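Colleague: My questions will all concern the structure given below.
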Amino acid sequence: MLRHSSGLLISSNLMVLFFLFVLNVLTTPQNLWAVFPGVAMIYSASFLVRNLNRRRVYVMIAAPIIVAMLALQNWLMTPDYWWVMYTFGMIGVWVLNTWAGSYMWTKTYTIICSLLLIGFYIGLNIWFEPRFPWSICTTFALVWWPLARFFGTKPITFSVLGSAWLILFLVSLNMVTTPNTLWAVIPAICILWWPLSVGFAMEIRKRKRAGTR
């Protein structure tokens, strides 16, 4: 049954791809819009790879296809600015996660990948846009990965560290964008309710447990 389904899926995808590219060339040859649905059709092969337990092979094939599609679009639309490089970090981590296997769930792997991604985007920030430190946004987002991995099972600790990290990010963003207007104070006050609410909830739970004994 799997072989028949695989043959039907592959043959139908090839027919649709051929039709789309012919239609693209005949109607709007100056705009290769057929690339995007073509990649989507190729991705339907992931169901076959999952059934055959060959995810690593699929990732090694799919990742270059994605990079090639984005690079082609970058070259056709905005050749003066290579924004495709911003996608290399996440695509690279996708490949690493597939090959890491069970090691992907370890704390060491989380720290290494987070540091690599943070350094990668800081480097792109310095290379492409040195006038504005936008990498503080990517750094803020990526730090949540190891933070959740280390303290996800400790609600109070996670809420305190998460609140401190969030307030630090808002203050930094405030200083970089609008240093004359201290708007970060308002959301910082709201964020403080996170650890307070968690602390009160934990205390109420302890009292209820103590009362039932």
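Using the three backbone atoms N, Cα and C, a Cβ is placed for every residue, glycine included.
What you are looking at is a predicted structure, and each value in this text was computed from that prediction instead of being measured.
Below are the features listed in TrEMBL for this protein:
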TRANSMEM  7-26  transmembrane segment
TRANSMEM  32-50  transmembrane segment
TRANSMEM  57-76  transmembrane segment
TRANSMEM  82-101  transmembrane segment
TRANSMEM  108-126  transmembrane segment
TRANSMEM  132-151  transmembrane segment
TRANSMEM  158-176  transmembrane segment
TRANSMEM  182-204  transmembrane segment
Colleague: Short question: most Cβ pairs under 8 Å with the transmembrane segment (132-151), which of 7-26, 57-76, 82-101, 108-126, 158-176?
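Modeller: Between the stretches 7-26, 57-76, 82-101, 108-126, 158-176, 108-126 has the largest tally.
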Colleague: With the transmembrane segment (108-126) as the reference, which stretch in 7-26, 57-76, 82-101, 158-176, 182-204 has the largest tally of C-beta pairs below 8 Å?
Modeller: 82-101
Colleague: Which residues of the same chain, at least 6 past either end of the transmembrane segment (82-101), have a Cβ under 8 Å from a Cβ in it?
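Modeller: Here the qualifying positions are 55-56, 59-60, 63, 66-67, 70-71, 73-74, 109, 113, 116-117, 120-121, 124, 128.
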